[in-house]
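Trainee: Sharing a structure, written as structure tokens. Questions coming.
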Amino acid sequence: MKDGFTVAIDGPAAAGKGTVSRAVAEHFGFAHLDTGLLYRAVGAKVLEGMTAEEAALTLVAGDLDNDQLRTNAVAEAASKAAAIPEVRAALVDFQRSFAMRAGGAVLDGRDIGTVICPDAQVKLFVTATPEVRAERRFAELAAKGFDVTLAEVLAEVQARDARDSTRAEAPLKPADDAVEMDTSTMDIATAVARAIELIKSRIAE
Ligand code: CDP
Ligand code: CDP
């Protein structure tokens, strides 16, 4: 694989970006970066009392390895921090150098195809209805033992989507040249197979 081959996977909360990204990374041997974890790690530090700007500037790899990053409270704090231009700017270089690593890379997030890697060879925008996404996220959190209701998760997902889509800096939206995939009624195997076909066709070009 040519170095610098980049797959950008964006979309709203719990659409299946991470699941598809992990599967294609394994299939093609690409490195994978869940960029949402960077913002979640910043959000977690804000909840501990740090400013978002300071948290983004001092982030280290170990900060990403934390089970508590999955909670609704951290997701909300992440989304608030992610609207601050200085926070986004502090995280750009790390994401871009990850995208250029040898052997290809897949990055998933909100602005990978639009801002971080506008020249990515493959851009996928994964969506599903808010209700389906909330059910998926609720099942995930409940399985991990978090004390949360479906209604709370739906409200959190909708509030975060609205904030992420309407912010001035790097809003959540499909790149003009992204392929959109609605997984509302699609199982994981089908979503992964479609992503793999798309990537294969771009590799062949
Ligand atoms: O990364 P993102 O927040 O977009 O979503 P995810 O963590 O990949 O997926 C959220 C949950 O939905 C996971 O538990 C997946 O197993 C599940 N999922 C699903 O049921 N059907 C799909 N087509 C994709 C994901
Ligand atoms: O897993 P889920 O899709 O629910 O969220 P995430 O990907 O972990 O992202 C958490 C929050 O970080 C999002 O709601 C966005 O506000 C922010 N984010 C962002 O602004 N840009 C990215 N590239 C990734 C995440």
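Along the chain as shown, residues are numbered 1 onward.
Glycine is no exception: its Cβ is also placed from the backbone N, Cα and C atoms.
All TrEMBL annotations are machine predictions without curation.
Annotations for this protein, taken from TrEMBL, read as follows:
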DOMAIN    7-48  domain 'Cytidylate kinase'
BINDING   GLY11, PRO12, ALA13, ALA14, ALA15, GLY16, LYS17, GLY18, THR19  ATP binding site
DOMAIN    59-200  domain 'Cytidylate kinase'
Trainee: Within 10 Å of the Cβ of GLY11 (ATP binding site), how many other Cβ atoms are there?
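Mentor: So the Cβ neighbour count for GLY11 (ATP binding site) comes to 26.
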Trainee: In DSSP terms, helix, strand or coil for ALA15 (ATP binding site)?
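Mentor: DSSP assigns ALA15 (ATP binding site) to coil.
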Trainee: Near THR19 (ATP binding site), how many other Cβ atoms are within 10 Å of its Cβ?
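Mentor: By my count, 19.
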Trainee: These are the binding-site residues: ALA13, ALA15. Which one scores highest on other Cβ atoms within 10 Å?
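Mentor: By the 10 Å Cβ neighbour count, ALA15 comes out on top.
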Trainee: Cβ within 8 angstroms of the Cβ centroid of GLY11, PRO12, ALA13, ALA14, ALA15, GLY16, LYS17, GLY18, THR19: which residues besides those meet this for the ATP site?
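Mentor: Near the ATP site, the remaining chain residues are ASP108, VAL126, ALA128, ARG133.
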Trainee: Under a threshold of 6 Å between Cβ and any atom of ligand 2, which of the binding-site residues GLY11, ALA13, THR19 are retained?
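Mentor: ALA13, by Cβ distance under 6 Å.
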Trainee: For the domain 'Cytidylate kinase' (59-200), how many residues does DSSP put in helix, in strand and in coil?
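Mentor: So the counts come to 82 helix, 15 strand, 45 coil.
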Trainee: Can you tell me which parts of the same chain pack against the domain 'Cytidylate kinase' (7-48), counting only residues 6+ beyond its ends and a CB-CB cutoff under 8 A?
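Mentor: Residues 1, 54-56, 59, 63-64, 66, 68-70, 73-82, 87, 91, 94-95, 98-99, 101, 103-114, 116-117, 120-128, 130, 133-134, 136-137, 140, 157, 160-161, 164-165, 172, 174-175, 178, 183, 188, 191-192, 195-196, 199 contact the domain 'Cytidylate kinase' (7-48) from elsewhere in the chain.
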Trainee: Under a criterion of Cβ-Cβ distance under 8 Å and sequence separation of at least 6, what residues of the same chain contact LYS17 (ATP binding site)?
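Mentor: ILE9, ASP10, GLY11, ASP108, GLY109, VAL126 - these are the non-local Cβ neighbours of LYS17 (ATP binding site), listed in sequence order.
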